[in-house]
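As written in Swiss-Prot, here are the features:
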BINDING   LEU7, SER8, GLY9, GLY10, MET11, ASP12, SER13, THR14, THR15, LEU16, LEU17  ATP binding site
BINDING   CYS183, CYS191, CYS194, CYS197  Zn(2+) binding site
Amino acid sequence: MRAVVVLSGGMDSTTLLYDVKSQGYEVFAISFLYGQKHSKELEFAKKTCSLLSIPYKIVDISFFAELAPSALTTPDWNVPEGYYTDSTMKQTVVPNRNMVLLSISAAYAISLGAKKLFYGAHAGDHPIYPDCRKEFVEAMKNALYLADYIGLELEAPYVDMKKEDILRRGLELGVNYSLTWSCYKGGQKACGRCGTCTERIEAFKKVGVKDPIEYEIEIDW
């Protein structure tokens with residue numbers, strides 16, 4: 001059975017890619033260039049797909065940055081530092097992003113005759129990103145199932161999982177986390193201060209494993 005995975009190049013979606021492949025699906029991956037400052041994540045997504053021999057497509061919707069300003073896409077907005085629970089992190093919300101990405105991904109999945117579409121929303125995203133909440137996932141499941149004759153099924157298997165639990169699952173699957181990128185700033189090295197870096201570092205610490213990527217700051221693992 002064919003399945004499409006929405007792949008950002010970060011920890012969660014990369015783990016999901018390995019996970020779906022391990023279940024015996026014929027996997028296709030899709031990523032989006034939506035004007036994000038951290039577009040280098042797509043370089044890592046491409047490398048992972050090459051490693052796993054998974055067909056990979058990048059869809060350029062850079063125009064979206066003009067329609068939906070955010071600290072992730074607008075050049076003169078600074079990426080906030082801290083934790084996802086901080087109110088300043090709302091600046092990183094790209095309005096309606098996941099609904100747009102999932103809709104395009106669904107069209108791609110339907111064109112392939114895929115029965116399932118996977119994306120990596122997880123419990124740590126819930127406080128700040130409305131389009132990663134369980135209620136949103138359920139609503140999109142219904143909408144996408146009804147949107148075409150094929151009855152496409154949307155799956156978000158990590159929606160109730162913490163990031164450290166996703167990491168544990170990834171380590172079981174042999175995920176190469178050196179080929180993942182999380183930092184919102186998109187520099188040469190991960191900043192170690194933005195919300196996604198902070199969450200990633202905490203996950204590795206909780207699991208008791210050193211993150212294989214480089215950071216701009218010194219981290220006591």
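Numbering starts at 1 and runs along the chain as displayed.
Note: Cβ is positioned from N, Cα and C throughout, glycine not excepted.
These figures come from a predicted structure and were not determined experimentally.
Swiss-Prot feature annotations superimposed on the structure.
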residue	record	Cβ neighbours (10 Å)
LEU7	ATP binding site	32
GLY9	ATP binding site	25
MET11	ATP binding site	26
SER13	ATP binding site	25
THR15	ATP binding site	26
LEU17	ATP binding site	27
CYS183	Zn(2+) binding site	25
CYS191	Zn(2+) binding site	19
CYS194	Zn(2+) binding site	23
CYS197	Zn(2+) binding site	24
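Cα to Cα, LEU17 (ATP binding site) and CYS197 (Zn(2+) binding site) are separated by 21 Å. Apart from the site residues LEU7, SER8, GLY9, GLY10, MET11, ASP12, SER13, THR14, THR15, LEU16, LEU17, the chain places the Cβ of ALA45, GLY120, THR180 no farther than 8 Å from the centroid of the site's Cβ atoms, the recorded ATP location.
Distance between Cα atoms for CYS191 (Zn(2+) binding site) and LEU7 (ATP binding site): 22 Å, as a whole number. In this structure, the C-alpha atom of CYS197 (Zn(2+) binding site) lies 17 angstrom from that of THR15 (ATP binding site).
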